[in-house]
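Features as listed in Swiss-Prot:
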type     : residues : note
TOPO_DOM : 1-8      : topological domain 'Cytoplasmic'
TRANSMEM : 9-29     : transmembrane segment
TOPO_DOM : 30-72    : topological domain 'Lumenal'
TRANSMEM : 73-93    : transmembrane segment
TOPO_DOM : 94-108   : topological domain 'Cytoplasmic'
Amino acid sequence: MPLTPPPNYTGLYIAAALGVSLAAVVALFTRSTLPIVGDSQHNLPHGGRYRDGTKAIDYFKPTKLNSVEPGNYWYTQPWLLVILLVALICLSGRHAQCCPRCNRVHSA
């Protein structure tokens, strides 16, 4: 009776991780986080004006998402801070390769 290696499930795990990641990205990018204005028949999420005989709605576009974003300048956006912090962490982790036994850098 020959010995056989166990089945390799890495392809399955990679496909499952990609599927879950794709579903999460699609769900996050397709949901609306804008404030809902109007009633069940008249929805004005991007601003606008609606008038009929008994009611009038004037709603202007949302200006900013939160108090973290002070303006429309690129250097005041929170995503820039995230990118800079990730780059700083990645660059600070690049140090000389140390020998795991003696904890010194050897020349090649």
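These residue numbers are counts, starting from 1, taken along the chain as shown.
Yeah, the Cβs are placed from backbone N, Cα and C, and that goes for glycine too.
The DSSP breakdown of the topological domain 'Cytoplasmic' (1-8) into helical (H, G, I), extended (E, B) and coil residues amounts to 0 helix, 0 strand, 8 coil. Within the model, the topological domain 'Cytoplasmic' (94-108) carries an average pLDDT of 73.
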